[in-house]
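Asker: Let me begin by handing over the structure; questions about it come next.
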Amino acid sequence: WHVKMVGPPKSPYAGGAFWIQLDVPTQYPFKPPLVQFLSKVYHPGIETETGKICSDVINDGWGPTLNIRHILKTLYQIMSSPELTLDHPLEATIATLMRDKPKEFKTTAIQWTKQYASPSLPPPPVKKG
């Protein structure tokens, strides 16, 4: 599945349109989908090159009563509040910048949103693995 998520207002991602790939396993809902961003995102909890998110964000507490809506709400929440991923960042450099120089972090995140997540951009290519 491919999802286009609008960046949360009042966040550095506001105004962006982020493409997300969800690979739903045959064991779903007993096993969560694999999730990765196709759009590049400047975020401490999202790998800049692969778009992979911290597995703890989705896998922790996963059970068959959870669903795709839960995943999308969780992704929206970490985009709204990127500081939620500072304890277990995938991008340590971005996390350090966010912690030590929050204005610089915000400026760079806004620049990346404009460059890589403009609503007028076509969807990026699908990622393997």
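Numbering starts at 1 and runs along the chain as displayed.
Glycine too: its Cβ is placed from the backbone N, Cα and C atoms.
According to TrEMBL, the protein has these features:
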DOMAIN    1-118  domain 'UBC core'
Asker: For the domain 'UBC core' (1-118), give the DSSP counts of helix residues, strand residues and coil residues.
Answerer: 46 helix, 20 strand, 52 coil
Asker: Along the domain 'UBC core' (1-118), what average pLDDT does this model show?
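Answerer: Per the prediction, mean pLDDT sits at 93 for the domain 'UBC core' (1-118).
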